[in-house]
Amino acid sequence: YSVDLAMFMSLRVVAGFASMTVNVVSFVLVVELVSGKWRTITGILNILPVPISYILMACIAYFERDWRNLQLIISLPWLAALSIWYCMPESPRWLLAQGRLNELYSLVERAAALNKRILPPNYRKTLEAAAPPPNNGPIESQQQKQTIPAFLATPDGGGANHVGTIIPNTTESAIPTTHDNPLKVVFNRFYWRTTCLNLIVWLTLIIVYYGLTLHLSNLGGDIYLNTIVAGAIEAISVCVSIFVVLKVGLRRSLIAYMLVPGIFCLATNLLPTRDDNQTAVIIMAIIAKCVIGANNAIIPSYTAMQYPTVVRNFGVGMGSLAAGVALILVPYMWLLESVDPLLPMSIMGVCGIIGAIGLFLMKDIEH
């Protein structure tokens, strides 16, 4: 319903802020509802709708070429998503970190009933002991380790109908309080190296991912067919990546999934002439996009596990900030085609290599 370009761009800014917030917070919420290997599985599946939406978008755009009608078609159905508010639970870890125990009791009891699990008789005292004191000092002065009750985790080894015992969660060690400035936390002496490497990894990953996603038409061929094929293969690669990650781990999977697209993007320069090998260039670009798409599904889980609960949103948000910078750079990168048709592919290849090095320098974590 925009009447001019200024109105359209202003509304797009609002939509951009909202969509990025939903993207970050929804991911953090779903991974905090589970533990163990299910965090990895749920985090990756959370991205699966992205390649599926590429397929649907290409099909809708093929039949509806008017951009206003296209906007209505893809926007109006989302009004139904408001109903999620009434059925989506709050993060139990966040409630615990905030000391909102009454809400946490209700949530844990509802989850146990839904999953037909028996809570330990003293589970409320366990939660009270795990909750942070009202006035904790800054993170640097904290020496205690917070424990997360097993009934907030997966019941592996806890028996068929009974939840296991209390287990320490080392990733929640030296937890900052809700009073700490999250920006200071992610750049303090515990996390500054992780945060800087995360910024580099997210920046390079998104340059490669959206550089290929948004500009498949620059490589020639039918853009609708290219997008549908790339989306279908990416959806399959995202599902396959779950088994790969569970087998070899998050960090090694991420490194491999950054190296392969980087190598494929650089390899396009080895083809004699682009005009005579257009099909080969498209195939290599689609393979690179699908592999980096799997990486795009894994990296939020890896990033979320690097930070404690109270700053997890902010930590993943820092990665999204770098992703936003990458999205600003991508259109200008493709303008370099006027210098050399394959220069953007070369830049993305180098970004893939840099991202792999950044991941190699990061600490490994259990998945």
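Heads up, the Cβ atoms here are built off N, Cα and C, so glycines get one too.
According to TrEMBL:
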type	residues	note
TRANSMEM	6-31	transmembrane segment
TRANSMEM	43-63	transmembrane segment
TRANSMEM	190-211	transmembrane segment
TRANSMEM	223-246	transmembrane segment
TRANSMEM	253-272	transmembrane segment
TRANSMEM	278-298	transmembrane segment
TRANSMEM	310-335	transmembrane segment
TRANSMEM	341-362	transmembrane segment
Contact call for the transmembrane segment (253-272) against the transmembrane segment (341-362), three or more Cβ pairs under 8 Å: yes
Which of 6-31, 43-63, 190-211, 310-335, 341-362 contacts the transmembrane segment (223-246) most, counting Cβ pairs under 8 Å: 43-63
Same-chain residues near the transmembrane segment (6-31), Cβ under 8 Å, at least 6 residues beyond its ends: 39, 42-43, 46, 88, 90-91, 300-301, 304, 312-313, 316-317, 320, 324
